Amino acid sequence: MKAFQLKRFGHMMAWTLRGERKNWLTVVVTVCASYFLFLGYPIWKSHGGEVDAERGVIMCLGVTCGIYVVLLTQLIANLKTKEKRVAYLSLPASPLEKYLSRLLYVGLLVPLTLPVAFVAADLLATLFAWTVGSPYALDGIAYAWSLAAKFFAGLDNDQVRVVAYGGVTLAMAVATLLMLCSTLFRRGPQVAAVVFVVTVFALGKAILWLGDSGFIFRLSETEAKWAFGLAGTALLLVTLGELWLSYRVFRRLQVVPGRFTNL
């Protein structure tokens, strides 16, 4: 069997989506309800007056980050029981095709529905605003769009672009680390949660140390751009390495896993 065949991968992807449609719908409905609560509360509190959508949108962004962290621990959530493992491992697809189908579902397709849930929640919030006589009209979408516009406008600046590159690759490295932990360990989500907290704490301490030491401020503009660029490239390589390791673990999954790991 070839490691990858497009037609076979398409069948595997379709099987994955059929098997996860109920879970996917549950995620979308739950997230939409959460967004609506955060957007609707300022409307209710305003008693028909002006609504400050900023706080609601910021809360929604925080929820989105939390949900994405949880999603990163769900790469092998469909293999919780022996029966599910037997059924999944016996599917007519290569380990690479199975891995990519789960990676696309968990890391791309489900997260892409979160903005859709936000739009639906803001529409519901607008309907709610009309019932209480509030002038709110898709203010959440408008504010979120303004944040995105400011971010992309800032990318016209070389310094902002290289810092954004470093920040994005750092987020990717942390994300794939969580995915690796959740794939390797039997209690993957719990281990990934601990790793996430420790990583965020360590990054915070490192940023504080860099700020207190004044190292960043002593660099020239060119040196700072090179530093962020090299750091971003190194983090990108780390991300690719973590993806490769998680795939190596995935392809060695057993019907009966070990005591502490899934190997």
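Keep in mind that glycine also has a Cβ here, set from the backbone N, Cα and C atoms.
These figures come from a predicted structure and were not determined experimentally.
Long-range contacts of the transmembrane segment (23-44) within the same chain: residues 17, 51-53, 55-57, 59-60, 63-64, 67, 110, 113-114, 116-118, 120-122, 124-125, 128-129, 132, 134, 136, 140, each at least 6 residues beyond the stretch ends and with a Cβ under 8 Å from a Cβ of the stretch. The transmembrane segment annotation in TrEMBL covers 23-44 (among others).
What TrEMBL records for 56-77 (among others) is transmembrane segment.
The feature transmembrane segment is assigned by TrEMBL to 103-130 (among others).
With a threshold of 8 Å between CB atoms, the same-chain residues lying at least 6 positions outside the transmembrane segment (162-185) that come near it are 68-69, 72-76, 106-107, 151, 154-155, 191-192, 195-196, 199, 203, 225, 228-229, 231-233, 235-236, 238-239, 242-243, 245-246, 249-250, 260-263. Taken from TrEMBL, the feature transmembrane segment applies to 162-185 (among others).
Among residues of the same chain six or more beyond the transmembrane segment (192-211), those with a C-beta under 8 A of the stretch's C-beta atoms are 69, 72-73, 170, 174, 177-179, 181-182. Annotated transmembrane segment per TrEMBL: 192-211 (among others), in sequence order.
Residues or ranges marked as transmembrane segment by TrEMBL: 226-245 (among others).
Cβ atoms under 8 Å from those of the transmembrane segment (56-77) belong to residues 27, 31, 34-35, 38-42, 102-103, 106-107, 110-111, 114, 118, 121, 140, 143-144, 147, 175, 178-179, 181-183, 188-189, 192-193, 196, 246, 250, 253, 262 of the same chain, restricted to positions at least 6 beyond its ends.
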